[in-house]
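Okay, handing you the structure first.
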Amino acid sequence: CIIAAINTNKSKDVCGYPLSIFFIVVNEFCERFSYYGMRAVLVLYFKYFLQWDEDLATSIYHTFVALCYLTPILGAIVADSWLGKFKTIVYLSIVYTIGQVAMAVSAVHDITDSNRDGTPDNMTFHVALSMVGLFLIALGTGGIKPCVAAFGGDQFSEHQDKQRRTFFSVFYLCINGGSLLSTIITPILRGQECGIYSQQKCYSLAFGVPAALMVVALVVFIVGSGMYYKAEPEGNIMLDVCKCIGFAINNRYRHRSNQYPRRQHWMDWAEEKYDKLLIAQIKMVLKVLFLYIPLPMFWTLFDQKGSRWTLQATTMNGYFGKLVIQPDQMQIFNPILILTLVPIMDSVIYPLIKKCGFNFTPLKRMTVGMFLAAMAFVCAALVQVEIDKTLPVFPSASQSQLKLLNMGSSAVTVNLPGNESLTLNAAQYYSFLAIFSFLMIRTKFSLLSGSQSCEYIKDFGFGGSYTFFIPSTFVFGPDCQDSITVVEDIEPNSVHMALQIPQYFFITAGEVMFSVTGLEFSYSQAPSNMKAVLQAGWLFTVAIGNFIVLIVAEIAKLPNKWAEYVLFASLLVLVCIIFSTMAYFYTYIDPSEIEDQFSKKVDEDEDDKDKREKAEIKMVRRDSAESYDDSYKQSNM
């Protein structure tokens, strides 16, 4: 989608800004809240509600993210070539909303819980509905992604350049604001317990609130319909680029024989049909797209903060003083650090490096950003090593576990084959059984017998497993809780979640240096009418990066998670070296100068054509005059 600079704006101005953009800003905030809120708890929904293993949960998560970054290409083509931006946003937002509602419904366990034990009896229904919902969400969020910002830019008149720049700053602030708030709120909602017949973790509420926000986003956007400037579809430049490239390849193949003279560039084979300026612009774009080839590996690591890193946090201690952080809330450090690091980089780090005399070009910044992302995964590997030291040892396929409880009033001696004799005192246990959970909650138990009651309060640690033993001699009274024996089957997680902060810092610093700089570099090296093509190419690298997660994870099959983190870090370092080599040989260009040269050449060609036409006219006139003289002489004779 290309931002129009001139429009016939029907919206009234408020403080120098079109009133219509306020509806667009609110729409964007609600939509981003909806998307990031749903995505924050998605991998835990896969693991704990659908009961998938971590590998399958990670694979489906990254497949969904990849689709979210493939569909923007489709959305841009539909908006620019067929429906226009407004209708595209409305129609795909409806699809988006239906997908969010489907996700919320799929998380209601009571729908198929016929025996009311808190576990769905027909898991196929929930899996199918959630997959349909995720597909519709990917289609909706990706389809409107390239249209909303451009549609907002369309609302400004030619003399409102300053206001337009401010709008884009506020627009992207809303993206980060929606991401930050949703990442804090939806994990809290997920941690609540809800249900009709049985109380379980409330994934339906965690998905339902983002669905409600998407409904609000759609309604707000439609309410402002009468104020919007709606540009008519003018065709999509990506289609023209693809047709031109396709013609060049086909024409080159038809003239592959040695009898045809070689041309300087393979795109020159399109000169028979397409304008030379368009061909030159495509050459500039292809030069940048060639640099995109190594970039997907960065996104392979970056997007795992929502999958592998969240799952890693489930095995850690989330106590921050009196504050309890849920595993999926650790992602809030990303938007917080983005809002902090972007101004620091722009106003402090980059100017300081420049003053030191170092030419820190955009491609060098991107290389450093890739290296920082690799360091983030090295940190994740070190954290995982510490976690592995504290995890319980579960039995293998050839082993079993046993728990012994002495509920009598006297000691008991137990003899097990291959083991020493074990004496269990009264109201004592010996455990070989491990039960794992990741939540930490302060729980209040109430033991009731007629009108008598006994309250018992216990703090559960992250990852801990406990057995409560109530003896037959239990008596209600003010000190009744003293007679309850608590057994810690598995120690709570002792590795603190704060150890994840360094890896979030490195990955976010890498994102700022890689992503922000990469987009800036791409736009500076592309012709003005080809920026949509580069945006599509950039989003495509994100999609490919998420597919790489699936490929590497399936091929590697590493038994230890820390080894998988080291593998991804090593691959990115290798790609970083390749990219730095490509960047070394890259020559920066000024697309506007090249376009001006073609424009001047076209003007000169037109001047030459005019001169030739004038000369031909004079020639015709002279020939006509000479012909007239000859005929006149002949008549006289």
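Here the Cβ of each residue, glycine as well, is placed from N, Cα and C on the backbone.
Relevant sequence annotations retrieved from TrEMBL are reproduced here:
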{"type": "TRANSMEM", "residues": "33-50", "note": "transmembrane segment"}
{"type": "TRANSMEM", "residues": "56-77", "note": "transmembrane segment"}
{"type": "TRANSMEM", "residues": "89-111", "note": "transmembrane segment"}
{"type": "TRANSMEM", "residues": "165-185", "note": "transmembrane segment"}
{"type": "TRANSMEM", "residues": "205-229", "note": "transmembrane segment"}
{"type": "TRANSMEM", "residues": "284-302", "note": "transmembrane segment"}
{"type": "TRANSMEM", "residues": "332-353", "note": "transmembrane segment"}
{"type": "TRANSMEM", "residues": "365-385", "note": "transmembrane segment"}
{"type": "TRANSMEM", "residues": "422-441", "note": "transmembrane segment"}
{"type": "TRANSMEM", "residues": "504-523", "note": "transmembrane segment"}
{"type": "TRANSMEM", "residues": "535-553", "note": "transmembrane segment"}
{"type": "TRANSMEM", "residues": "565-586", "note": "transmembrane segment"}
Quickly jot the same-chain residues contacting the transmembrane segment (504-523) by Cβ under 8 Å, restricted to those at least six beyond its ends, or write none.
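Answer is 288, 295, 298, 301-302, 305, 330, 333-334, 337-338, 341-342, 345, 362-363, 365-366, 368-373, 375-376, 379, 531, 534, 537-538.
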Ranking 89-111, 284-302, 332-353 by Cβ pairs under 8 Å to the transmembrane segment (565-586), which is first?
284-302
Taking the transmembrane segment (535-553) as reference, which of 33-50, 56-77, 89-111, 284-302, 365-385 has the most Cβ pairs under 8 angstroms?
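By the under-8 Å Cβ criterion, the transmembrane segment (535-553) pairs most with 56-77.
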What residues in the same chain, six or more past the boundaries of the transmembrane segment (205-229), come closer than 8 Å to it by Cβ-Cβ distance?
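Apart from its flanks, the transmembrane segment (205-229) reaches 7-12, 18-20, 22-24, 26-31, 33-35, 37-38, 41, 45, 86, 89-90, 93-94, 96-97, 100-101, 103-104, 106-107, 151, 154-155, 182, 185-187, 189-190, 192, 194.
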Tell me whether the transmembrane segment (332-353) sits in contact with the transmembrane segment (33-50), defined here as at least 3 Cβ pairs under 8 Å among residues 6 or more apart in sequence.
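No, these stretches are not in contact.
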With an 8 Å cut-off on Cβ pairs and a sequence gap of 6 or more, do the transmembrane segment (33-50) and the transmembrane segment (165-185) reach 3 or more such pairs?
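Yes; at least 3 Cβ pairs under 8 Å.
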